[in-house]
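For 75-82, 140-144, 194-197, the entry in Swiss-Prot reads GTP binding site, with the evidence type sequence analysis. If you look up Swiss-Prot, you'll see 66-247 marked as domain 'tr-type G'. Residues or ranges marked as transit peptide by Swiss-Prot: 1-49.
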Amino acid sequence: MWTLAGQGWWRGRALAAWVTEAARKGLLWPHLAPARGTAAESRAPDRCYSSADRKEKIDMSCFPVENTRNFSIIAHVDHGKSTLADRLLELTGAIDKTKNNKQVLDKLQVERERGITVKAQTASLFYNYEGKQYLLNLIDTPGHVDFSYEVSRSLSACQGVLLVVDANEGIQAQTVANFFLAFEAQLSIIPVINKIDLKNADPERVEKQIEKVFDIPGDECIKISAKLGTNVESVLDAVIKRIPFPKAHCRNPLRALVFDSTFDQYRGVIANVALFDGVVSKGDKIVSAHTQKTYEVNEVGVLNPNEQPTHKLYAGQVGYLIAGMKDVTEAQIGDTLYLHKQPVEPLPGFKSAKPMVFAGMYPVDQSEYNNLKSAIEKLTLNDSSVVVHRDSSLALGAGWRLGFLGLLHMEVFNQRLEQEYNASVILTTPTVPYKAVLSSAKLIKEYREKEITIINPAQFPDKSKVTEYLEPVVLGTIITPDEYTGKIMMLCQARRAVQKNMMYIDQNRVMLKYLFPLNEIVVDFYDSLKSLSSGYASFDYEDAGYQTAELVKMDILLNGSIVEELVTVVHKDKAYSVGKAICERLKDSLPRQLFEIAIQAALGSKIIARETVKAYRKNVLAKCYGGDITRKMKLLKRQAEGKKKLRKVGNVEVPKDAFIKVLKTQSDK
């Protein structure tokens, strides 16, 4: 053999050909040779590369409407929604049972890092119950108050919910809010008491809380441990028994509700749809009721929990649909899709998300403007609750004014921009949307409305132009151990809150309801509440409209010039404390100049706070080694006159780093 290898490359090829032929005849490895005359010999060779077309497709016609259940899991933060979803996926065989099954449906990096659910996720589960095969469509929802819009969207595709409550912590503020979301949507509610394996768990106490607050009989509660898998199977049985099947008909024309969507840079928009009527399959031509554009369906399927293509989707089922939508504005959440030339009455959509917090967003480097614009457009498709307006700043350049549902929502959006699109941004101090009622017909004609909304403090109108200012208010719910009630009530009073209700939900826990001005809770209220209650209190709020308020626009001046980026709107009673704090932070952030810098907070022409950045000072007396004192005084006087002149002609340039530092400290306060 070695002589063949040494005779040149062609002899090596001859050897390879001989080995191949010998292997085929079974001379080298007889046990691997195919048996003659068998099916193995006549069968075409298998393809050894992957192909999307060869995916095994599920026949969804096997699941009639009567055997379909659509449900969500709702709960307060960290009460075990995602863990329960993991166990349900394991029980139904959607995923293998391994120790690594943690937050399977939480696919975003930010969700895994923070241990929270941000995006509602769907999974279709196939479950055999009493000899029948059922299709259970599960939607895992977020628990934080900032993402309640995600919850309400998810509930529109469901007929029932699992209301998960921690057996140790009991009912919390977001539990109450989520219950009423499901109750108002007239969904079947199955209470599930989780974490019964904990040492301090008291499921009987929680059962009584559920009975008292929600008026649900205690015997309807299911006690489980999602972590250990204890009694989880009874949850699936209850879903089938207690949640009704969707009222849908395959014979009717197609009506599909788009309740969520994601963007894939290769396949375009992937729309999550709930079919209320009809059937949709690959090749169908569909029309968007919102844009009236026509598309051809490229792929339909279910999430199990990963994408699983199917031949068709039928009425009552929940799945995904890809139809060549390349523009991020084409997939509107709440839109109705129907078959071409078969128009239908559009389904009622969703209330548009109402931004509670606005902040300016600018690229760190203006050369990255177009990349950041593209990233924001794609991310707002996945998160349609973000409102975007173009904005510009003298110091920070071109950017946007973005509206968010809360501070956590803003932080998560910023983190997703960095992680998913590698975009670095500057975020300004968050503000809330105020309103002003204009005083004259001339102004009403100019603005085209009597009541204007102000999302940028720099555009806050002067008092002479308005009859009254309005600020947004929210109805807040606080649930706390009774030992912290006094401290929390004092905190609420300091935030200008008005008490509306107070009730004991059991012997040791109190539920307080307050009407808060939104700007008093938007930055640091939650942190203060947790600090005062040693982490035990929970907080949730809902929009309660607007109320009249004494608001003032506070300008920040550097040597008499207004810095627009630091203009803020505050309540008259808090103007001094807020102004002084901003001046102090700016003093620590600004670099010293050759002249003195006066940092002032002003309400109109009235200065209410001031800090001074001292000038660099040259020692002009260094060359004087004694002599007459008048010589020294003359030099010092000349230096002072020069500094005064320099201050008049010198413009204070605020470095971008100083802006970032001041704005970040203000929002982290």
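In case you wondered, yes, glycine gets a Cβ from its N, Cα and C as well.
Structural mapping of features recorded in Swiss-Prot.
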{"residue": "Ala75", "record": "GTP binding site", "CB count, 10 Å": "27"}
{"residue": "Asp78", "record": "GTP binding site", "CB count, 10 Å": "15"}
{"residue": "Lys81", "record": "GTP binding site", "CB count, 10 Å": "28"}
{"residue": "Thr141", "record": "GTP binding site", "CB count, 10 Å": "27"}
{"residue": "Ile196", "record": "GTP binding site", "CB count, 10 Å": "20"}
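Following the DSSP three-state reduction, the secondary structure of Ala75 (GTP binding site) is strand.
In the three-state DSSP classification, Lys81 (GTP binding site) falls within a helix. In the three-state DSSP scheme, Ile196 (GTP binding site) is classed as coil. Confidence for the domain 'tr-type G' (66-247), expressed as mean pLDDT, is 82.
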